[in-house]
Amino acid sequence: MYQKIELERKFRPEIEGLRIVAALLVAVYHIWFGRISGGVDVFFVISGFLITTSIISRYNKTGEFRFLPYITNLLKRLLPSVITVVFSVIVLSIFLLPRSIIEKTFNEIIASLLYYQNWQLALSSTDYLDREQMKTPLEHFWAMSIQGQFYLIWFLVFTLLFFILKRKATWSGIKLTNIFLGTLFAASLTYSIYLTEVNQPWAYFDVSTRVWEFSLGGLLAVNLSRISLPAILGDIIGWLGLAGLLMTGLVFDVSTMFPGYIALWPMLCAVAILVSGNMETKHGVKSFLGNTWMMKAGGLAFGLYLWHWVLLSFYQYHNEGTPTLFIGLGIIILSFTLSWLMTRFIETPIRSMDIGIKPLGILAVALAANLIIAFALYTSYEATSPNPEENFNFEEYPGALAIKEKLRVATSRENYLPSAAEAKTDLADSYEDEANQSKMRSELITREYGVLEGYDHTLVLAGSSHAAHWLGALQQFAEEENIRIINMTQLGSRFSASHQEGPQKEWNDNALEFLKSNKEEIDLVVATADIGLADFPKPPEGMVEQLNRIGDDIGLPVMVIRDNQRFGFNIPEHLEQYGYESTKEKMLSVEPISETAPWELVDYKSPNVYPVDYTEYFKVEGEYEPIIGNVLIYYDGGHINNTYATTMGPVIKEDVMELLNQ
């Protein structure tokens, strides 16, 4: 004998309506507002509700909960849609995907098919170099991956729960289930609040910060039938829940605030709707969400979620700006159509097959085919990708020298280096060597470049990524002038005395200690100490203080390079998608940095601090350009790629050698 868990299992039509509302919210906010709606969080609650109901019902009926039937049923329900949409993305990518995101898309194809897309995006979102890169057509599959991982977690949770129940026949199944799910809810929510505070981009995609949302659905499944409210109150909270859900994306910036305690808002809205559905009333929200049309549309909600982002992404790769009302409605209607076709001709036939080798075999073959085609696509891309270093020469690609030497070079809008697709990987050697520290770590990493033995001079390149991108310029003349370069950088962090605690302060302290300890060997420190935005006409006080410490307290000369203009959008990607004129126009629409050099505005500058300004080498006839001297300047929206930095070598050399020879 085994103890059953009391559970009311009945068809709840309002869930189907809630699903389509959530899916439409996701689509509408993506298409017209460029925001996140909170609809995915509602999906998680619904998933937790439905799978908990299914697991307990099966256990009550058979007394068993076995992995193979459980996972097979899930695969039959989920994989057909996933494989179909991913295959479509692969085919469309061959013809329509910008080359600059082929590698990223390939990685996410594999991650989506193997259900770890959330971790792939967690890594990307915390990667300093990935922040401005455009999104792939499969970015939304992070939610699918979290859902798949949750189903495995739920198998382990309920396997343990049923194991205990079978051995403790006197224990209440309902109470034990509530203890299990309540503990998971509290632990996951607590961790979610903590991690959202300290590392929100990672928290957004971490399954452990989302388990509480599924747990809430599970708790609701177990206890919903025991909740009874007066009809009028049920009607009120139901409609308020729907209204609150519709407003979530407008009230909160979901992409930067979730999944911490703010995510309780759409969760509680969903709970209010489901609780309201307990009451059979004429005017409740259930009468709207549970009507025939909403129920039919709810069956297409999953497909709508999967297809809308794919269609929107490929549209936006080739069309600038927010889709018009007509285009947006077309995307939604086409998504519904594709969802219906996929459900009718792919999902339903496979789902209706008996559990066994046949449906799994079909899915396995389809999955393998997707992986093979994806690998073939990526291999072809790699084989045809040019290498900037192999083709570079100063005669054809003078870059900054075209400004310095006033060369009359006809700038090519097609034949330039690096290509827009390759710019993102055209980085300083310190990136490949992993010589740039993360802002999350305090350990000082130093690596030497240039002449390593018998050198005449030693330079230290210190600061953030906006210092790191000058390494190629220094390397260009290092051997000729017999110079050793020590790279000492921390990405995503300012070289500043203003950090109060944490790894960034510790790294800065370690950097100063390194300079102090090696003072006798160092001839010059090269750094940046301002921010290339119009909002920062003066260098931040902490950055000024840091360099004054080096100049006054340590006694080392510091060459301070003015930061280049930052544009806030990915220039190579925009260039590839929309062309030269559109890119230049968008660059010129950004408020420019001041004509006045930032260091002229500081209250005190150490006599050992020497500011230099190279802003003119990013302009032609006073206007910012994406390409100068047949060289693309940037690898994102504000960092110089290594090829252009190399062409800046002869420019910087004059200032460096003047300081070294003083």
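A Cβ is built for glycine as well, from the same backbone N, Cα and C atoms used for every other residue.
Quantities reported herein were computed from a predicted structural model and do not represent experimental measurements.
Going by TrEMBL, these are the annotated features:
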- 14-343: domain 'Acyltransferase 3' (DOMAIN)
- 16-33: transmembrane segment (TRANSMEM)
- 39-57: transmembrane segment (TRANSMEM)
- 78-97: transmembrane segment (TRANSMEM)
- 141-164: transmembrane segment (TRANSMEM)
- 176-196: transmembrane segment (TRANSMEM)
- 258-276: transmembrane segment (TRANSMEM)
- 297-317: transmembrane segment (TRANSMEM)
- 323-343: transmembrane segment (TRANSMEM)
- 355-378: transmembrane segment (TRANSMEM)
- 458-653: domain 'SGNH' (DOMAIN)
Long-range neighbours of the transmembrane segment (297-317), counting only residues six or more past its ends (CB under 8 A): 15-20, 22-24, 26-27, 30-31, 43, 81-82, 85, 88-89, 92, 96-98, 134-140, 143-144, 323, 327, 331-332, 334-336, 338-340, 342-343, 577
Most Cβ pairs under 8 Å with the transmembrane segment (323-343), selected from 16-33, 78-97, 141-164, 258-276: 16-33
Winner by Cβ pairs under 8 Å against the transmembrane segment (141-164), considering only 16-33, 39-57, 78-97, 176-196, 258-276: 39-57
Confidence summary (mean pLDDT) of the domain 'SGNH' (458-653): 95
Of 16-33, 39-57, 176-196, whichever stretch has the most CB pairs under 8 A to the transmembrane segment (258-276): 39-57
Long-range environment of the transmembrane segment (16-33) - Cβ separation under 8 angstroms, sequence gap at least 6: 39-40, 42-43, 46, 140, 242, 245-246, 248-249, 270, 273-274, 288-291, 294-295, 297-302, 304-305, 308-309, 312, 322-323, 325, 328, 331-332, 335
